[in-house]
Amino acid sequence: MRVAGLIRVVVFIFTIVTMWVFLRSYTSFSRKTIRLPRWLGITPKDIQTPKSKCGLSKICPNNFFAFKISSGAANVVGPSMCFEDEIIMSPVRNNVGRGLNVALVNGSTGQVMKKDSFDMYSGDPQLLLNFLTEIPDSTLVLVASYDDPGTKMNDKIKTLFSNLGSSYAKQLGFRDSWVFVGAKDLKSKSPYEQFLKNNPETNKYDGWPELLELEGCVPRKVM
């Protein structure tokens, strides 16, 4: 009986020790992070998911600028512009207004050169005409409408926007929605443009079409 009892004790102790070793090994493994081989020359903290600028759905290639533009919503929410991950115009920055909001960016460096808003309902259209006439070469032009961009729009202004690459400037009218990125002396029409006509049958808001959003990657210097 003593031998049998001793065997039971030994088996019991062996079982306890085995379980303890197993549990210790398991919990130790679960706390470890999977490490890459040293010969790769990198550690896990070096692996980071690249973040797109301006919240774009993709990362822009080298020598491209990231941008995102939203038109205003009716006459309630103002437009916003993001360029290279910087909000350059928005209601929060308190630098947008009714009509057309325009920002000029150096097409080579990406530096914001000038920005302003122009009241196209009761303001002086000559101010916008002067602004557009003085745009230097190799300049990117970002435009977002708010409330009413077209009442004071004249043929000279429409022609200047068309020369910047717009396909819809000549159609712009009362309370239309418009977002656009063009460039000085562009040889062809810009691919970065959206336009919605004010139409009571299709308007999303009472008296205004839906707001528009435009995002993408624009190449340096030449579009």
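Glycine is treated like the rest: Cβ placed from N, Cα and C.
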For the disulfide involving C54, grab the partner from C82, C217 as Swiss-Prot records it.
C82
Does anything in the same chain, at least 6 positions from C60 (disulfide bond), have a Cβ under 8 Å from its Cβ, and if so what?
S52, K53, A66, C217
